[in-house]
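Step one of this worksheet: look at the structure below.
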Amino acid sequence: MATLSLTVNSGDPPLGALLAVEHVKDDVSISVEEGKENILHVSENVIFTDVNSILRYLARVATTAGLYGSNLMEHTEIDHWLEFSATKLSSCDSFTSTINELNHCLSLRTYLVGNSLSLADLCVWATLKGNAAWQEQLKQKKAPVHVKRWFGFLEAQQAFQSVGTKWDVSTTKARVAPEKKQDVGKFVELPGAEMGKVTVRFPPEASGYLHIGHAKAALLNQHYQVNFKGKLIMRFDDTNPEKEKEDFEKVILEDVAMLHIKPDQFTYTSDHFETIMKYAEKLIQEGKAYVDDTPAEQMKAEREQRIDSKHRKNPIEKNLQMWEEMKKGSQFGQSCCLRAKIDMSSNNGCMRDPTLYRCKIQPHPRTGNKYNVYPTYDFACPIVDSIEGVTHALRTTEYHDRDEQFYWIIEALGIRKPYIWEYSRLNLNNTVLSKRKLTWFVNEGLVDGWDDPRFPTVRGVLRRGMTVEGLKQFIAAQGSSRSVVNMEWDKIWAFNKKVIDPVAPRYVALLKKEVIPVNVPEAQEEMKEVAKHPKNPEVGLKPVWYSPKVFIEGADAETFSEGEMVTFINWGNLNITKIHKNADGKIISLDAKLNLENKDYKKTTKVTWLAETTHALPIPVICVTYEHLITKPVLGKDEDFKQYVNKNSKHEELMLGDPCLKDLKKGDIIQLQRRGFFICDQPYEPVSPYSCKEAPCVLIYIPDGHTKEMPTSGSKEKTKVEATKNETSAPFKERPTPSLNNNCTTSEDSLVLYNRVAVQGDVVRELKAKKAPKEDVDAAVKQLLSLKAEYKEKTGQEYKPGNPPAEIGQNISSNSSASILESKSLYDEVAAQGEVVRKLKAEKSPKAKINEAVECLLSLKAQYKEKTGKEYIPGQPPLSQSSDSSPTRNSEPAGLETPEAKVLFDKVASQGEVVRKLKTEKAPKDQVDIAVQELLQLKAQYKSLIGVEYKPVSATGAEDKDKKKKEKENKSEKQNKPQKQNDGQRKDPSKNQGGGLSSSGAGEGQGPKKQTRLGLEAKKEENLADWYSQVITKSEMIEYHDISGCYILRPWAYAIWEAIKDFFDAEIKKLGVENCYFPMFVSQSALEKEKTHVADFAPEVAWVTRSGKTELAEPIAIRPTSETVMYPAYAKWVQSHRDLPIKLNQWCNVVRWEFKHPQPFLRTREFLWQEGHSAFATMEEAAEEVLQILDLYAQVYEELLAIPVVKGRKTEKEKFAGGDYTTTIEAFISASGRAIQGGTSHHLGQNFSKMFEIVFEDPKIPGEKQFAYQNSWGLTTRTIGVMTMVHGDNMGLVLPPRVACVQVVIIPCGITNALSEEDKEALIAKCNDYRRRLLSVNIRVRADLRDNYSPGWKFNHWELKGVPIRLEVGPRDMKSCQFVAVRRDTGEKLTVAENEAETKLQAILEDIQVTLFTRASEDLKTHMVVANTMEDFQKILDSGKIVQIPFCGEIDCEDWIKKTTARDQDLEPGAPSMGAKSLCIPFKPLCELQPGAKCVCGKNPAKYYTLFGRSY
């Protein structure tokens, strides 16, 4: 047998494997060496990385050592201990119980298994050796006796001592995930709380099951119990014998145990009945309480009307007499109650003589018939809290009004006062938390019971797959906040996913009715073990069977084409050779051929499959999916929940399941690949002898927080990946080369080879960035090294990024070379002198010395400008004409190509790397100085040999691709905030796009001064999100605020809004609209008046709940829109038809608390808008205004912002909630392939006027009331974001002239030290003269006369800000009586005579506006097309276009389209995840609807062409 090789990571040595090696070394040849990973190499194709797998293999090959036992029983026991050591013994949570279990097993044994040493002893001993908790027990002499004996016995043996001596095993606690900030809420410190002296209580009523609202209360109390090392009392509130049921006490205790809450004390309110009764009698005797026999309904009315009861002034004797009747439970006593005498005139209803005791003759579960009177919860609670020593009573804010009553009782009785601390009640959407309502569901048989997975009970959510840890994390994230919010269920399930995703094993299930066979004749029927979890080997292995016939889902098969390569997960690549279809065109089977050698899985479709084999038959599986119980997210106060019960909330699908699923136990959580997470509700049962049937495995789908459906089958990844690949290689394939002589084929071959190396380098980097499998990376690296070797053999030099074969450069004409060499030499002198100046300043040399060096530098710069006609710009050496077309080609002097020069160049570069490395590692100063000296000597040798300064290669092209990988686009908004940049010099990107920011590169010890990152670092076509973020911040439009979703609009952005405002305001005033202002606050009752309207906004409404530290009596909403604020006033103002029409508009801000990822301008929590609200007597008038306003909105976009729009009407699904119909303008952003709503004009009909009573007397029918017809219309600051997305480019913002804050920026050029002061002043005066002239003709102009920035920096700055025209003027221009105008939209430079300045610039500005609109119109025209089938629609949609399709208008159909066109990014990396939604029904469709045309759904007749697309 060949020698085995064990590689050991010395930082984390596999102690068990090393012990096994010691015991088998006499039987097996094995070498041990250090490395980065723990791996056993058996052969080229076989390796083991799991310690237990290594142990098993060594024991099997060295049978004489007997480490794997002597029979099957011992073999099984050893496997148990291997699993035990890897799981239970490695967990810090259960270490104490686990070590006690081990102690019990060793009580009568020398070894764990059998009568000799085995793998069981090795692996358990190794785990304990590295366990901190065990070592601590040994140190404190608290280790269990039998484990200590066994551990010491093994430790004394030679093999264990040998391993312990060679390998240092550092004790660690059980594996802990890397620490990161937890998603937890803010727990407010308790006032007056002292460590160890806090007592809190959890007082549920034993009348039902706990729901997660109760769980929040219990967990908050536990939090303060633990954090203050205090006491938690679990108290059953059993004050009402009618509700109290002993069965529920047991249930609640079980629910509390499920939450891992351990109360310090269990009590009952009934424990204190005697004391409470005495306190009640004390109040009667002191005249603070009275007995009342007023009927309940009358008492309620009197309290509402603040009328005193007739018994309120009864004497104490009379009250005591009536109290005795209550205690006896007599007929009269049962009609009475005891009331506190507080204040019937109080504004707080809870203080109007509340009930303290009532008479009930039912027996009590604990006290039987001892009492006939029972206290109310509100009376008993403060007394029992005081008696039991509760220091802090945690209560929800709904008890706020009762707090005053709580303290009154405490003070009236003179007992100890606990502190009340409030927190918000947990409100969840689409469900009910009331026990009464939940009981109704159970009694009606609409659910399976209190543990139904649709129920919000603790048991219900646990049965649906919620883990206790996930539930605790969710509730902890809410903290002790008092903000009342309605929580989406998605949030709670997203927390749960974080818990289950890292540990849920992965299995396969196929939809039974859609399975398609795939024939793979060459496949062998065999079984291999694969990981249950791709990222967590500790989850274990599962068997996967392979056979010549496998099954896939039909939806996957439909996406295949013949000849296509498809990846079968956990198998490899297969080529589809034949697709068999029946007469209907439906696929019935596939033929495929193995292509397992091809490991390229990037471009392939991934499918799940199951093999047909008698060894492991698929099992029947039923997948159950539950929906919400209630269809409406938030129920109004007076709404009947029964009206919104979802009668179809349970769906089942019959599946063919992975054979491994037969081993699932009830409660096991798994993931079905490409379907989601599931929990086993009913394990699989084999064929029963009684029924002769097998019982399927029932799995319940666990939501994971997605707000959309996960696509299951038929998903493809090709398009995006291929596009990415093409982008990656494009710079190398398409790089222009200079025209050369005919004899340069060798050079061309070299360049092709150079480009291949560059492309392969990108492939390797991409693989590493994506953390691809090691074998894939190794294969790519191997190919890269092979190409580099071939390149070196062909060219005789090492491959260097950014340094293509130099032979090309040698064919350039000699005249051009000489000229460029001279300029290059001068450029290098300037750079070198710049280095001298910087060095002198860094060393704080005398001022005179620095001035002398600066004068020399300025003189060299002037010579350079005279020679080249250009300003000196760092990082932009002079290039020949031919070199302009190839920015990556060297323009070094010919001497560089000598062998000696090449060797010396490489030495300098290498030494530069050494210097940088030493500085990075913060090496000692003397060591750095020696390296720097050596570098300077090498540079001096290089200069003496070549005649020019050493200049590192400025790498472009390949190295540009090596920048940081873009971060995930769905990261949190604050992470996305760009850092503030310091202003500084930078090259003009219009002159040399694609180059590096500075010329420093490999081999540079001290490069030129670092260039400031003024320009954009992201490209619009590569990373739109980063590009957008950089454009709006670097162009000074937006500044981020510390509240997510709220932004500071800087003057540059606000000026655009002002331009829009000025135009629109003037136009609506022509229509008779007047401006006004209404308050931003809305009362809760007003907001809830229009229920449909409120439901649409409910999740986004922000609420004010507190003034200072005082809670408001009722929360106040901040307007999400103003209908509910304005229309009560309209109702007052409209008395007659003569009061109509009312046409009002307000320019204001609104708040909508979006939960999606905020984007400045596009999706924000606060934004500016105008909202118009009008009321008319007739529908015709209202309908006319709707279209008038829509036309004005279109003018804003098309005439001001130069953005074409599509006008149309919204579908029923997308229209404004509460309105009759909505008209809209839709714009298109080709960079993302998504549309965006530009503005909307709604016809509300009479819906709101009926709700708010906006009525007038019908002039035609006297005495008849008529409701007004209303419109509302709005345009927001979203317009600015749309403009940025549509027109912006890779240099920054592009502003249409009509909305630009500055239309022309004047920049003086040529101001150098050589320029006389008179000429400089004349130039500045000329700039100011131009400014004055342009202002006189209403051109918005600014002169940038700052003297601390170069013209190049200013060019960049104003290009980034999108100014339409840059006016450049220099001394030569003044002499020629002209200036240069540079267009921002095209980069075109125009020379304009001075006397034509006003007319020419006005004409150019108008032309820019037209050009921008024309360009955007062409873009929209090419990206908006017609499709008549669903297949065509999906293809066009996925190519980034918007599509007009025949549509029936049904909401269900639209939901189906959205779901069908959705893509999941887990399955299709980079795919747009959202489905298509209807944008509008265009007023002018691209083509007419043909008679009899069908909707794309294929079911209903089409009504009209509707524009669909992905949208913001």
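Placed from the backbone N, Cα and C atoms, the Cβ positions cover glycine too.
When Cβ atoms from all protein chains are considered, those within 10 Å of Ser434 (phosphoserine) total 12, not counting its own. Annotation source Swiss-Prot lists phosphoserine at Ser434 (among others), citing a large-scale study or a structure entry.
Here Swiss-Prot flags 709-744 (among others) as region 'Disordered'.
Feature annotation from Swiss-Prot assigns phosphoserine to Ser747 (among others).
What Swiss-Prot lists as domain 'WHEP-TRS 1' is 749-805, and the listing cites sequence analysis.
Summarising the annotation, Swiss-Prot assigns region '3 X 57 AA approximate repeats' to 760-956 and lists an author's statement as the type of evidence.
Annotated domain 'WHEP-TRS 2' per Swiss-Prot: 822-878, in sequence order. Over the domain 'WHEP-TRS 2' (822-878) the predicted model carries a mean pLDDT of 75.
What Swiss-Prot lists as region 'Disordered' is 869-900 (among others).
For Ser882 (among others), the entry in Swiss-Prot reads phosphoserine, with the evidence type a large-scale study or a structure entry.
Look at Swiss-Prot and you will find Ser885 (among others) tagged as phosphoserine.
Sequence annotations record features per position, and here Swiss-Prot assigns phosphoserine to Ser886 (among others).
What Swiss-Prot records for Ser891 (among others) is phosphoserine, and it gives a large-scale study or a structure entry as the kind of evidence.
Look at Swiss-Prot and you will find 900-956 tagged as domain 'WHEP-TRS 3'.
The annotation region 'Disordered' is assigned in Swiss-Prot to 956-1012 (among others).
Per Swiss-Prot, compositional bias 'Gly residues' is recorded for 993-1006.
Positions annotated as phosphoserine by Swiss-Prot, on the basis of a large-scale study or a structure entry: Ser998 (among others).
If you look up Swiss-Prot, you'll see Ser999 (among others) marked as phosphoserine.
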Cβ contacts of Arg1278 (ATP binding site) (under 8 Å, same chain, 6 or more positions away): Phe1161, Leu1162, Phe1167, Ile1236, Gln1237, Gly1238
Residue among binding-site residues Arg1152, Arg1163 with least C-beta crowding, 10 angstrom cut-off: Arg1163
Shortest C-alpha distance to Thr1164 (ATP binding site) - which of the recorded positions Ser434, Ser1350, Cys1453, Cys1495, Cys1497: Cys1453
Minimum Cα separation from Cys1453 (Zn(2+) binding site), reported as the residue among recorded positions Arg1152, Thr1240, Ser1350 that achieves it: Thr1240
Cα proximity to Ser1350 (phosphoserine), best match among recorded positions Ser434, Arg1152, Cys1448, Cys1495, Cys1497: Arg1152
Shell of the Zn(2+) site beyond Cys1448, Cys1453, Cys1495, Cys1497, same chain only (C-beta within 8 angstroms of their C-beta centre): Phe1447, Gly1449, Glu1450, Trp1456, Ile1457, Lys1494, Val1496, Gly1498, Lys1499, Asn1500, Ala1502
Three-state secondary structure, Arg1278 (ATP binding site) (per DSSP): helix
For Arg1163 (ATP binding site), the three-state class that DSSP assigns: strand
Spatial separation of Cys1495 (Zn(2+) binding site) from Arg1163 (ATP binding site) - C-alpha basis, Å: 32
Nearest recorded site to Cys1448 (Zn(2+) binding site) by CA-CA distance, among recorded positions Ser434, Arg1152, Glu1154, Thr1240, Thr1276: Thr1240
Euclidean distance between Cα atoms of Thr1240 (ATP binding site) and Cys1495 (Zn(2+) binding site), Å: 26
Counts of helix, strand and coil residues, the domain 'WHEP-TRS 2' (822-878), according to DSSP: 43 helix, 0 strand, 14 coil
Pairwise Cα distance for Cys1497 (Zn(2+) binding site)/Ser434 (phosphoserine) [Å, integer]: 41
Cys1453 (Zn(2+) binding site) - helix vs strand vs coil (DSSP): helix
